[in-house]
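Annotated features in Swiss-Prot:
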- 1-43: transit peptide (TRANSIT)
- 44-310: region 'Inactive DHBP synthase' (REGION)
- 133, 134, 138, 248, 249, 250, 251, 252: D-ribulose 5-phosphate binding site (BINDING)
- 366, 377, 379: Zn(2+) binding site (BINDING)
- 439: active site, proton acceptor (ACT_SITE)
- 441: active site, nucleophile (ACT_SITE)
- 525-536: compositional bias 'Acidic residues' (COMPBIAS)
């Protein structure tokens with residue numbers, strides 16, 4: 001049986017209770033709660049690998065990397081991880097208001113319909129990619145309605161860089177190539193930049209508001225030809241990814257989607273809003289002040305995703321079958337993406353019913369780990385453990401997303417990255433050395449599959465916080481996180497540690513709610529009652 005080491009310097013009114021279990025099939029789990037004054041402050045679970053053996057390091061090691069829980073000095077523990085903290089979750093990782101009205105805007109934001117109306121009239125909209133304001137906000141307008149005055153406003157209040165969101169067919173027609181020489185491998189998390197352009201006629205240097213408006217008009221016109229543009233220039237076209245915000249929750253996609261919803265030609269103008277005081281990207285206070293002063297609707301990209309998701313469906317269920325597996329009996333669902341034709345599979349156990357509190361794993365394709373049993377990663381072990389846990393729970397869904405090989409770089413590039421790792425690079429450095437994205441996966445298709453299968457709230461099996469964010473806006477809520485901790489081997493030890501230190505992977509699970517009985521003992525309860533009586 002596994003043990004947990006808690007060497008803590010906690011206040012006398014803080015109680016840490018633990019529970020250790022060894023389940024069938026070699027699945028081990030540990031749970032513990034932190035209780036202050038009878039109130040649950042944190043409840044964590046860690047789930048072990050698929051049995052012991054020589055391939056495991058010592059099940060528990062004292063960590064030199066700090067406390068078990070953030071803010072608790074002197075605590076140290078590791079549950080089959082490489083000196084890893086069991087990291088406390090924050091509210092930022094939880095998606096609330098799962099159902100509600102998809103057309104109802106987030107508090108403090110304008111509705112999508114208001115934004116659509118403003119764009120149709122040639123006015124501005126501010127699009128924000130995170131309701132907390134941690135990320136940027138962009139001024140957006142329709143390219144077909146841009147004029148020198150509006151471009152001058154964008155220059156005064158933005159970064160000075162004026163971009164134009166365009167669909168691939170228009171970029172191809174105008175022979176505008178991508179800026180990156182590796183056009184076939186794109187970082188979906190970043191804007192897809194092309195070479196810069198100016199209009200060939202009707203401008204002077206190309207830098208004035210009037211000149212830039214002329215270039216934008218040329219880009220937006222369906223009658224323009226490649227010879228109408230010169231390269232480089234002062235306008236920055238950005239390639240819109242097919243599927244828009246349902247494929248990538250970025251400003252380019254949001255701006256083009258909004259303009260198209262306004263019934264206009266799908267070409268947008270956008271520029272990042274800058275804080276006039278220090279030149280940094282404007283946060284929510286600055287963005288909302290600008291919106292108030294200039295009567296500009298301000299919208300959340302998450303709201304736009306909800307708006308589109310209510311009206312569109314980008315996956316199609318094409319087959320369902322009974323699927324007996326080594327883990328148990330499941331149902332297999334094959335979904336085809338309407339964006340690129342890729343077939344994805346989901347397996348389900350039990351009755352999803354009302355879709356509440358479903359155990360879910362969204363798993364990225366890894367041929368080397370899942371099929372060939374590669375020891376370089378933990379993918380195969382995580383898949384195995386997730387299927388076991390769903391079978392044991394009797395109810396759950398695993399979505400297997402194709403096209404995620406090597407965190408989105410593809411099989412061949414992943415093998416090249418392996419060679420670099422053998423030469424001393426870690427998994428992040430290897431991708432960077434190849435000129436590739438560290439992680440270009442997106443989870444919108446997986447979210448739509450879950451919605452179609454009836455899932456509404458879930459306990460998500462993951463160590464990766466990006467999956468929480470990737471589900472936002474699809475009418476799904478994450479009510480808890482179940483970590484998927486797999487055996488450490490000599491081959492994957494550095495890989496797992498790099499994911500923790502450089503990619504933000506976390507361990508442990510913060511589940512809000514009342515204190516469960518299994519974490520309490522009579523002394524705790526009596527002490528709490530005595531304290532309450534004193535205050536009464």
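Heads up, the Cβ atoms here are built off N, Cα and C, so glycines get one too.
Across the structure, the residue listed as 'active site, nucleophile' and residue 248 (D-ribulose 5-phosphate binding site) place their CA atoms 10 angstrom apart. What surrounds the Zn(2+) site, by Cβ distance within 8 Å of the Cβ centroid and not counting 366, 377, 379, is the set 364, 368, 369, 370, 374, 376, 378, 380, 382 from the same chain. Using Cα positions, the member of the recorded positions 366, 377, 379, 439 nearest to residue 250 (D-ribulose 5-phosphate binding site) is identified as 439.
For the pair the residue listed as 'active site, proton acceptor' and residue 248 (D-ribulose 5-phosphate binding site), the C-alpha distance works out to 13 angstrom. Straight-line distance linking the Cα atoms of residue 248 (D-ribulose 5-phosphate binding site) and residue 379 (Zn(2+) binding site), rounded to a whole number, equals 24 Å. The Cβ of residue 379 (Zn(2+) binding site) lies under 8 Å from the Cβ of 363, 364, 366, 368, 369, 370, each of these being in the same chain and 6 or more residues away along the sequence. The separation of residue 377 (Zn(2+) binding site) from residue 249 (D-ribulose 5-phosphate binding site), Cα to Cα, is 28 Å.
In this view, the densest Cβ surroundings among the recorded positions 138, 439 belong to 138, judged by other Cβ atoms lying within 10 Å. Residues near residue 251 (D-ribulose 5-phosphate binding site) in space but far in sequence (CB under 8 A, at least 6 apart, same chain), listed by position: 127, 129, 136, 138, 140, 165, 191, 270, 272, 301. With respect to their backbone Cα atoms, residue 252 (D-ribulose 5-phosphate binding site) and residue 377 (Zn(2+) binding site) stand 34 Å from each other. Reduced to three states, the DSSP call for residue 366 (Zn(2+) binding site) is coil. Mapped onto three states, the DSSP output places residue 138 (D-ribulose 5-phosphate binding site) in strand.
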